[in-house]
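If you check Swiss-Prot, you get these features:
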type: BINDING; residues: 9-14, K50, 66-67, K83, 142-145, K163, 168-169; note: ITP binding site
type: BINDING; residues: E38; note: Mg(2+) binding site
Amino acid sequence: MPQTLFFVTSNASKLAEVSAILAASGISVQSMALDLPELQGSIEDISKDKAKRAAEAIGGPVLVEDTCLCFNALKGLPGPYIKWFMKDLGHEGLVNMLAAYEDKSAQAVCTFAHCEGPGKEPVLFQGRTDGKIVPPRGPAKFGWDPIFEYEGQTYAEMDKAAKNLISHRFKALEMLKEWMEAHP
């Protein structure tokens, strides 16, 4: 099933992770950087809207991704707005958001939307990983990886290959691969 997906991202770390996860399936990923306005709403609405806009912009099939980090004590915040919270507060600020709460549990959520082209309805693939928010540990190379702990290690402390077998992104991409095999 060798195929190429046009993945709308300007995040080199995200591109590398997606490419690594899909490589064994014979799916290659080409990055396309588009500056798309982001709808405010649920991660599903945001992902669908982004996929439709991207498909219109390039006139063909696209793959887009949106990631959430949901703190259970805050009823899902920062959720789909994690990029902006991360930019403004950093790792320590995110950890401090939970200082008054005993519950440090969180969920990493990744939603991919694949759209066949202009006017088509996107298909969603969502992966979730439960963990907890901890003070930063490990290299601060990729988003909030240093503060999201899964089974005793933060994503940042994990070997990339190990992370790519359990992450929210991996789970969503597994669903995408299954769908692509069923819809060649």
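Here the Cβ of each residue, glycine as well, is placed from N, Cα and C on the backbone.
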Checklist outcome for this item: Rounded Cα distance in angstrom between H168 (ITP binding site) and E38 (Mg(2+) binding site) is 21
Checklist outcome for this item: Candidates K50, K83, H168 (binding-site residues); min other-Cβ count within 10 Å returns K83
Checklist entry - How many whole Å apart are the CA atoms of A12 (ITP binding site) and the residue listed as 'Mg(2+) binding site'? => result 19
Checklist entry - Whole-number Å distance between the CA of K50 (ITP binding site) and the CA of the residue listed as 'Mg(2+) binding site'? => result 7
Checklist entry - Cβ-Cβ under 8 Å from the residue listed as 'Mg(2+) binding site', same chain, 6 or more residues apart: which ones? => result I46, D49, K50
Item to check | Protein Cβ atoms within 10 Å of A12 (ITP binding site), excluding its own | outcome: 10
Next on the checklist: Within a 10 Å radius of its Cβ, which of these binding-site residues (T9, W144) has the fewest neighbouring Cβ atoms?
Outcome noted: T9
